[in-house]
Amino acid sequence: MAASIPETQKGVIFYENGGELQYKDIPVPKPKANELLINVKYSGVCHTDLHAWKGDWPLPTKLPLVGGHEGAGVVVAMGENVKGWKIGDFAGIKWLNGSCMSCEYCELSNESNCPEADLSGYTHDGSFQQYATADAVQAAKIPVGTDLAEVAPVLCAGVTVYKALKSANLKAGDWVAISGAAGGLGSLAVQYAKAMGYRVLGIDAGEEKAKLFKDLGGEYFIDFTKSKNIPEEVIEATKGGAHGVINVSVSEFAIEQSTNYVRSNGTVVLVGLPRDAKCKSDVFNQVVKSISIVGSYVGNRADTREAIDFFSRGLVKAPIHVVGLSELPSIYEKMEKGAIVGRYVVDTSK
């Protein structure tokens, strides 16, 4: 174990789903034989964190729980079986904290589908604390010297949308429509799509979000509160429909609409998780147009490495708002109102 590790730390914890989010002193966890102990400097805040707190997904959380799964910090200790890491390395805590590494899914690099997957901020205390543990195999390697506040959202939001774009099977010059284009996921999806050579159409609401979309390099913006017919407008703007659609919004209706404006032989990718939602697609339309509808979960270790590399080369940058960890409850309030533009990051020292 390294020196100067305190016994207690500041963190945000809740004891029942939907209960009070308490900013308080809690114990510093001890790393297991296969784990790193990471001094978390910054953590992104994801919509999944809100679901974990509310407990409204069909997967139960551990309780009590420290949320968060976009933690960026410095390795300060490690278990005796850890290899390939050293004290002082920059490391990231991802949604997938650990997996069995021996099942069919892990063997095929689909670790997120592992039946024994351990999830940061859900089944494993996450990054809304100053010190957190992560399986050394799954922890993300971050180049030393990286701005940890800016890289934090890449660890989930960035990896997730990058994997989704890969799942759309697009080629340079193709149109990709991003539903929810100016939120935490969408704002990164726009940049990854541009960096991958795609033409980007964004769907969201409001002048502030339209400006952000354009500032990020998006080509055509549709305000869903003003458009009279979104499918028709997408088809007209793209001269035939989007080759791929990335659904990061939490609107069941938006998902249904996307099956109507995707191009023949195109792919609709589902990422956002509206509560109790169903994906509705006209079977005749889907068959005759040869449309694919796929779900895209989080990326694997290779996707993570590639997503961070895009960031390190300056090709993507999360539009972030940095506030103190103690302000987390107010961020959740903004999330529930749909009032967030870009991505919130919490500073664990405040």
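Cβ coordinates come from backbone N, Cα and C, glycine included.
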- Identity of the NAD(+)-site residue among R313, R343 (reference: G180, A181, A182, G183, G184, L185, G186, D204, K209, V271, G272, L273, source: Swiss-Prot): R343
- Out of C114, C156, which does Swiss-Prot tie to the same Zn(2+) 2 site as C100, C103, C106? C114
- Non-local Cβ contacts of H69 (Zn(2+) 1 binding site) (under 8 Å, 6 or more apart, same chain)? C46, T48, D49, I93, K94, W95, N97, L119, S120, G121, Y122, G126, S127, L155, C156
- Cβ within 8 Å of the mean position of the Cβ atoms of C46, H69, C156: remaining residues of the chain near Zn(2+) 1: G44, T48, D49, G68, E70, K94, W95, S120, G121, L155, A157
- Query: How many other Cβ atoms are found within 10 Å of the Cβ atom of G180 (NAD(+) binding site), counting all protein chains shown?
  - Reply: 26
- Message: Nearest by CA distance to G272 (NAD(+) binding site): which of the binding-site residues is it, out of C100, C103, C106, C114?
- Response: C114
